[in-house]
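See structure below.
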Amino acid sequence: MTLRAPAPETNLSYIKAHYHPFLFALMSACALAESVLATYLVDRGNEHHTWPSAQYHHILIFSLFSALWTMIFSAAYVLWIIDGAVHILASIASSIIWLLITTIFWGVAAGLMHVTRSGENCDDWDAISRCRQSLTVEALGWTEFALCLLTLTATCCWLHTGKRNPRSSFYEGQSYA
């Protein structure tokens, strides 16, 4: 009886097993920061009735929704990846659909925030001011947009080069536990 060493992992499986949890965790962390800041700004604006415009108020709420949407689902994907889940919500196809929707959300939120914010660079404002906080909401929105776009592109490229079945799980047979 001879013992065989397991077959070495290919380059694609290394990429598959390592970049997704990292990118989804980054998206979740960035969304957490965005949700905290957007919640603070919505709360302050509601408390003091100091909205620069009604549109700004609506865009902040949309940014908050996008942040919560991203935080919940990206954290769920990280947990599904670590668990090695094989079900419809952990599939590559659902991930691509979710990433596409989320990328659109963040592109719209960041773009509208840029237009609504009036494009000031806040040089003459205090270090902690509404202007700088709004600028940070916009910057985090663009960061989240870029992370979603990067993850979507990497997933599509990996799917194309690996010729995978889009209904299969990211991590069939792999477990991090």
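Cβ atoms are placed via backbone N, Cα and C, with glycine included.
So that you can see what the record holds, here are the features copied from TrEMBL:
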- 21-42: transmembrane segment (TRANSMEM)
- 54-81: transmembrane segment (TRANSMEM)
- 88-109: transmembrane segment (TRANSMEM)
- 139-159: transmembrane segment (TRANSMEM)
Chain residues in Cβ proximity to the transmembrane segment (21-42) (below 8 Å; excluding those fewer than six residues from its ends, i.e. six or more beyond): 57, 60-61, 63-64, 66-68, 70-71, 74-75, 77-78, 81-82, 102, 130, 133-134, 136-137, 140-141, 143-144, 147-148, 150-151, 154, 176
Cβ-Cβ under 8 Å with the transmembrane segment (54-81): same-chain residues at least 6 beyond its ends: 20-21, 24-25, 27-28, 30-32, 34-35, 38-39, 41-42, 45, 89-90, 95, 98, 102, 105-106, 108-109, 112-113, 116-117, 134, 137, 141, 144, 148, 170-171, 176
